[in-house]
Amino acid sequence: MVASLWNTLVEKTEAVTAEFRFKAPWEDRNGNSTDTWVLFSAYPEKNIQGTLKSVFGTITNISQQKWAEGFQKRKMEEAVELKRQQENFIDITSHEMRNPLSAILQCADEISSSLLDFRQSGSKVIEEELVSNSIDAAQTIALCAQHQKRIVDDILTLSKLDSAMLLVTPVDVQPLTVVQRALKMFEGELQTADIQMEFIVDESFNKLGVDWVRLDPSRVLQVLINLTTNAIKFTTTEAKRTIKVTIAASTVKFSKLENRLVNYFPTRSKRVDMTESHDWGTGDDIYVHFAVQDTGRGLNEEEKKLLFLRFSQASPRTHVQYGGSGLGLFISRELTELQGGEIGVSSEAGKGSTFAFYVKARRSSPPADPVEPLPVSLTRATSDPRNKRPQDPIIKTRDFAAPVPRRPTSAGGKNNQTTPHGGNRKDITVLIVEDNLVNQKVLQKQLKNQGFTVHVANHGGECLDLLRTSTHYANNNPSASGSSETVTTTNNNTTTAPPPTLHLSVVLMDQEMPVMDGLACTRTIREWEDAGKLIGHVPIIAVTANARAAQIAQLMAAGMDDVVSKPFRIPELVPKIEELAGKFTKAKEGEEEVEGGDSGEGKEEEVKN
């Protein structure tokens with residue numbers, strides 16, 4: 001480069017300007033070392049004949065300018081990234097708030113319509129089925145409302161953290177009671193998901209004789225709830241469903257121990273040791289450690305990098321149970337560091353995860369009126385209903401795996417079983433493709449109450465598997481392929497496979513799902529139709545909590561026939577199902593009539609000949 005500049009200056013007698021970076025270090029105003037930058041400028045001086053007479057050059061130190069440019073660029077990139085994260089956060093929060101609203105509205109409609117039917121019937125005796133269904137719907141509403149409360153709590157906590165208004169209030173408490181309170185809150189959810197919960201007290205806790213300490217139980221409980229919620233969310237779909245909560249203690253920071261259970265994230269900024277204030281008493285320092293280990297799917301390296309970051313999730317999709325806003329782990333880290341502790345994780349894809357944190361506390365004496373601990377045994381699995389104590393309150397939760405009973409049609413014929421096209425709703429088969437068990441079961445029940453035949457799939461992959469066994473699949477249709485599928489039995493006898501009986505009229509497709517999402521599944525279905533693998537058109541209605549115009553346009557571009565945004569009510573969905581089912585059923589019948597007519601003419605010609 002230097003030779004080229006010199007050639008331009010001397011041979012072409014043209015002025016040159018260039019920037020050079022030197023190895024000599026340069027320090028900014030904060031004492032950070034960086035490279036030295038200079039601006040080199042050279043100008044040729046010509047004589048009367050026009051040839052080079054001399055060269056005038058300058059070298060200017062522009063390290064400060066380069067530092068300012070880099071600082072401005074970083075700030076601009078941070079602002080753009082923050083805006084992107086905030087938009088993503090708003091989308092996720094909106095999605096998570098809208099998702100349970102559909103179940104809430106539909107369950108509320110079910111309760112009100114059931115009681116209205118009962119009043120109109122004039123009966124004085126309430127049927128057990130009516131009571132059971134109403135309780136079931138009310139408990140689903142409570143579950144959905146609890147999910148929404150968690151998101152609102154996360155947002156409020158974040159606001160307090162940003163404003164430095166979040167206070168840590170130490171009180172005398174038994175750490176075991178804090179864990180017991182958390183486990184008690186999740187008993188119903190654990191029983192529903194058939195997850196075994198184990199509470200383990202580490203030897204270190206007993207060796208140090210930890211009983212009463214001074215800490216903020218509400219903040220510790222908040223972190224425990226966040227970690228346990230994540231563990232349940234990612235364990236529900238696994239064959240082995242076990243969660244272990246362990247409590248331990250130490251006189252030194254757990255991040256300083258050699259046999260660390262997890263890799264702790266270092267504290268990002270220097271914080272004032274709050275335990276030095278008089279509110280914390282004068283007891284000895286003690287570090288209380290909590291760990292939540294699950295048998296979920298685990299995390300890969302890329303997902304672990306996103307943990308504990310603001311507005312981010314290892315996976316932004318709501319798998320099976322309701323997810324979160326992407327704030328839970330970020331807030332957990334903030335709360336942990338605020339209490340003089342650290343949080344960390346140990347995870348491997350396919351082998352589960354362990355999230356652990358510790359907080360600083362001080363030993364204390366029992367208060368004059370100690371709070372009675374909750375009756376949760378330390379030696380049992382909290383999800384096993386056989387081990388419940390007689391005095392334990394029995395929390396009945398919905399069994400999402402149980403078949404959904406169909407409510408009989410009222411005498412007044414409120415649930416009309418005929419469609420506007422003159423057909424019968426029982427002839428319309430609806431496939432619900434939804435990974436969230438709450439929405440899946442509520443919607444299945446409501447559509448069955450309306451008279452439809454309903455099937456369910458947990459994700460796009462299961463939807464495609466069902467299509468392969470349906471009448472839409474060309475290989476299952478002898479008239480389309482010209483031959484019937486044959487099956488060889490164990491006795492080497494070849495028989496003709498029975499024709500498929502599953503005919504899908506309409507598919508209700510969620511967008512955010514594991515394994516295969518709604519967009520990928522819809523594109524695959526349309527590709528199969530174009531390739532002749534499917535007979536006719538498969539009507540697909542997108543059912544999604546993503547309601548922005550750009551998101552809806554993306555769904556339609558993928559091949560959806562219609563879009564229903566959550567939250568929605570059944571009276572809004574039913575007409576769309578009937579319209580699409582009637583439209584494409586008539587189109588298919590017209591094609592069959594044409595094919596039948598052609599074959600008839602061929603037979604007549606054969607007879608004449």
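Even glycines carry a Cβ here, placed using N, Cα and C.
Annotation comment: TrEMBL describes 383-399 (among others) as compositional bias 'Basic and acidic residues'.
Among the features that TrEMBL reports, compositional bias 'Polar residues' is placed at 412-421 (among others).
Residues annotated as compositional bias 'Polar residues' in TrEMBL: 475-485 (among others).
The compositional bias 'Low complexity' annotation in TrEMBL covers 486-496.
Feature annotation from TrEMBL assigns compositional bias 'Basic and acidic residues' to 600-609 (among others).
Summarising the annotation, TrEMBL assigns domain 'Histidine kinase' to 92-363. Averaged across the domain 'Histidine kinase' (92-363), pLDDT in this predicted model comes to 82.
The domain 'Response regulatory' annotation in TrEMBL covers 429-581.
Under DSSP, ASP510 (4-aspartylphosphate) is assigned to coil, being neither helix nor strand in the three-state scheme. Under 8 Å, Cβ to Cβ, and six or more positions away along its own chain, ASP510 (4-aspartylphosphate) finds VAL433, GLU434, ASP435, ASN436, ASN439, GLY518, ALA542, VAL543, THR544. Per TrEMBL, the feature 4-aspartylphosphate maps to ASP510.
Per TrEMBL, region 'Disordered' is recorded for 364-424 (among others).
As annotated by TrEMBL, region 'Disordered' applies to 475-500 (among others).
The region 'Disordered' annotation in TrEMBL covers 584-609 (among others).
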